[in-house]
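For reference, the structure discussed in these notes is given below.
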């Protein structure tokens, strides 16, 4: 009973992070049910069908976003960018930021928690579930807010980190210059970046700007499970 209550609390918290409330929460439960758990519990459903649907919805949303962002790119280049955007690695990072790895139900035989592929599949299943529950506009919003396409543009790490903080609904990052080493003409700057009162990354460089950029990169890697 306690486990069931904890799971439903986790579903409520996940919907807050996602920024979408399900009218039919069974769709969300299905999206978070791996086949290994379904087989173990003898359920009549798992997230594979939603993953299949979500894959197509995701592909459409990413293709549309790339078409809008890159008006001068040719089809071949857009195809390569899309492949990166919908890759398992990118989806798994997005899923971990949302905490899907912590709420995905997997069988007892799965040791060490869900794999990268399982988290990526759950992210696709979540998109499919939102599409069925709220339509294409709702699914497009999920992809726009939570599937990181920052690596598909020339966006700098500080801007990417700021956008991620905005997507997660947390205060914007703050940067602190903590040390300047060496002579003035060859100084090394050391910068920390903080989020929600927590140190998330440290960077150093020949200028404060370079150090802040490296600190932001470190924070992004940490947030994305790198």
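Start at 1 and count along the chain as shown; that gives each residue its number.
Quick reminder: no glycine exception, Cβ is built from N, Cα and C everywhere.
Just so you know, TrEMBL annotations never went through curation; they're auto-generated.
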Per TrEMBL, which one of 51, 64, 65, 184 shares the Mg(2+) site with 121, 124? 51
Return the residues near residue 124 (Mg(2+) binding site), defined as same-chain residues 6+ apart in sequence whose C-beta is under 8 angstroms from its C-beta, sorted by sequence, else 'none'. 50, 51, 54, 55, 58, 91
With a radius of 8 angstroms around the mean position of the C-beta atoms of 51, 121, 124, what other residues of the same chain does the Mg(2+) site pick up? 47, 48, 50, 52, 54, 55, 91, 120, 122, 123, 125, 128
Pick the one among the binding-site residues 51, 121 whose Cβ has the fewest other Cβ atoms within 10 Å in this structure. 51
